[in-house]
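Colleague: Let me give you the structure first, and then I'll get to my questions.
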Amino acid sequence: MQSTSNHLWLLSDILGQGATANVFRGRHKKTGDLFAIKVFNNISFLRPVDVQMREFEVLKKLNHKNIVKLFAIEEETTTRHKVLIMEFCPCGSLYTVLEEPSNAYGLPESEFLIVLRDVVGGMNHLRENGIVHRDIKPGNIMRVIGEDGQSVYKLTDFGAARELEDDEQFVSLYGTEEYLHPDMYERAVLRKDHQKKYGATVDLWSIGVTFYHAATGSLPFRPFEGPRRNKEVMYKIITGKPSGAISGVQKAENGPIDWSGDMPVSCSLSRGLQVLLTPVLANILEADQEKCWGFDQFFAETSDILHRMVIHVFSLQQMTAHKIYIHSYNTATIFHELVYKQTKIISSNQELIYEGRRLVLEPGRLAQHFPKTTEENPIFVVSREPLNTIGLIYEKISLPKVHPRYDLDGDASMAKAITGVVCYACRIASTLLLYQELMRKGIRWLIELIKDDYNETVHKKTEVVITLDFCIRNIEKTVKVYEKLMKINLEAAELGEISDIHTKLLRLSSSQGTIETSLQDIDSRLSPGGSLADAWAHQEGTHPKDRNVEKLQVLLNCMTEIYYQFKKDKAERRLAYNEEQIHKFDKQKLYYHATKAMTHFTDECVKKYEAFLNKSEEWIRKMLHLRKQLLSLTNQCFDIEEEVSKYQEYTNELQETLPQKMFTASSGIKHTMTPIYPSSNTLVEMTLGMKKLKEEMEGVVKELAENNHILERFGSLTMDGGLRNVDCL
């Protein structure tokens, strides 16, 4: 045990080891509070005194929630050497987190965003104080749990740090080689002398490598044999990186370098975040310091990402989930554009559904006023045009080979890899289940909306039939009036046109039968047992009640226990006979559990999901055809209504002229009577006939006026009840 005046620690209770110091877990003598005690070794004292004091001076200047706090500088009781009393971080480092099998293919998106936020926050504080860290890596980013239960990451280990302004440079070498800037790598690792000086932006390269590692679980630049076994190829990769690339991997010995500007498919970050993050990585992973972004642009771009809100969207036809990263002050117009970038559905074809109802976003509506969404409760987007069904895109990863040879180091590495694959399969199984549940929900809601559209079309068709019937009766009565006018030799040029309109109205009336038949066909397809019913969605695929994810998790828990035991075995370096036999049995169990898990994943999760995907594609194709048919019928009803309205308007104009024509008819009879003296009987008959004709015409005009009044009242009553938004079909 060692101690200072206020703290003590056991030499066996070590937290970490570095080139110049060890860190122990210690306690305050009076309170018992835990602290991290940094004790410098003999190598550290070989450094110049000013270099030894530099870490103390740097830490004294820093005070930020994302920097490990320095509480005191004390002296060890026996040696009188300086020790640092620092904040204790019980959850280890980011490296510890990335070593977990569950993070073998990168952190979950929510955790990655916390890393991004905290590292950027810590680095910004360093820059404000004119300090360059020079050894940014996952092992130097500590983790604690905050009061809200979320992770908080803090920069630590400022042994390599020094004060340096943006326009200053340095020539000394520090850092960990996988995370080193290419210019520093050349001198520090390859031992090649050059006259280059390094600026503060060398930290940006290390940050880029760290962020890529956190996002994917792997280093971005990897020779076939590994970064430390083939340093020349490693240097070739990091100096030869094309502009825009964020990774370079050699997949075969002496093989070519595979460059990529995108994250690997196995990465758990959403596409919405990746499109924002990859340009940042591409521009800070830049060997040429002239082309590399400066800190100002780096902070501006990362701040832009961190200040965005997320709107969850699910594309029903494509069966894909999306996260739309958008500023709270952005409008619905920008939201539709961002949806297009991820789904390729143009804005005019995007129909939105939220919690079973159509969601209409006014163009100027701000994103902060959108409905609240989650992965389980997103906004559904449906395209009015055909789309290819895509589904979840994931990497099909096979189990690594298990070598029968007994090897503690190799077995620990193998256990980590094989457990990581099953963790990945478990995550994919959970996502596949979520996608199927969202499809079931979306299909159910869409069917209800189509039924609403169908009912509105039926309602509109009923309106049209009533209007058409009134119009036909009106035109028939108008024809009778004009025919009577013709009987007294009064010219009625409109009669031919009226008869033509009557014929057209009868033709329109006969077309109602075809529309009715089509509507009945649609109704039968939407009814239970019809081709568009959703019964299949509850029969196909996987369901929560199957508990497939839970079954995989049970096997994964067994594997994880074996993995942790293998880590302990590796630390022991050598096992007694009995422990060695247990180790060998566990190795067999590990492979058995892994094989069983992957078989279950393939047979029960993947195959059933693919069957569901195929059925979904077939249903969506039928649904789109039905909606187009329904839209066509609706448009036919509106077209008929418009045509009938035009004929009715013309008829009304004719009716307005009838009183004048009747007056003309009465006058014309008087003037056209022959001057001879007819018999008294003839005069009486003519007078009675004219009186009767006049009464009939007046009766027809009155009836026509009443019909028009009824039509007007009917129109006003149904105006609010008709289809308002036909484009929604």
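These residue numbers are counts, starting from 1, taken along the chain as shown.
Placement of Cβ uses the backbone N, Cα and C atoms for every residue, glycine included.
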Colleague: Write down the one residue from LYS29, LYS30, LYS38 that Swiss-Prot lists together with LEU15, GLY16, GLN17, GLY18, ALA19, THR20, ALA21, ASN22, VAL23 as binding ATP.
Modeller: LYS38
Colleague: If you check Swiss-Prot, which stretch out of 210-265, 322-377, 658-713 is marked coiled coil?
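Modeller: Checked against Swiss-Prot: coiled coil maps to 658-713.
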Colleague: For the set LYS61, LYS401, LYS646, say which residue Swiss-Prot annotates with ubiquitin cross-link.
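Modeller: When Swiss-Prot is consulted, ubiquitin cross-link appears for LYS401.
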Colleague: Of the residues SER102, SER172, SER270, SER398, give the one that Swiss-Prot describes as phosphoserine.
Modeller: SER172
Colleague: Give the number of CB atoms, excluding that of GLN17 (ATP binding site) itself, located within 10 Å of its CB.
Modeller: 9
Colleague: Determine the Cβ neighbour count for LYS607 (N6-methyllysine): the number of other Cβ atoms within 10 Å of its Cβ.
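Modeller: Step by step: centre on the Cβ of LYS607 (N6-methyllysine), count other Cβ atoms within 10 Å, giving 13.
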Colleague: Tally every other Cβ atom lying within 10 Å of the Cβ atom of LYS401 (ubiquitin cross-link).
Modeller: 9
Colleague: Measuring CA to CA, name the entry from the recorded positions ALA19, ALA21, LYS30 that ends up nearest ASP135 (active site, proton acceptor).
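Modeller: Among ALA19, ALA21, LYS30, ALA19.
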Colleague: Tell me, if you would, which residue among ALA19, ALA21, VAL23 (binding-site residues) has the fewest other CB atoms within 10 Å in the structure shown?
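Modeller: Minimum Cβ neighbour count within 10 Å, taken over the binding-site residues ALA19, ALA21, VAL23, occurs at ALA19.
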Colleague: Counting only residues 6+ away in sequence within the same chain, which have a CB under 8 Å from the CB of LYS30 (ubiquitin cross-link)?
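Modeller: For LYS30 (ubiquitin cross-link), the qualifying residues are ASN6.
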Colleague: Residues other than LEU15, GLY16, GLN17, GLY18, ALA19, THR20, ALA21, ASN22, VAL23, LYS38 within 8 Å, Cβ to Cβ centroid, of the ATP site?
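Modeller: Here the non-site neighbours turn out to be VAL39, ASN41, ASP157.
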Colleague: Going by Cα-Cα distance, which of the binding-site residues (LEU15, ALA21, VAL23) sits nearest to LYS401 (ubiquitin cross-link)?
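Modeller: Comparing Cα positions, the closest of these binding-site residues turns out to be LEU15.
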Colleague: Among the recorded positions LEU15, ASP135, which residue has its Cβ surrounded by the fewest other Cβ atoms within 10 Å?
Modeller: LEU15
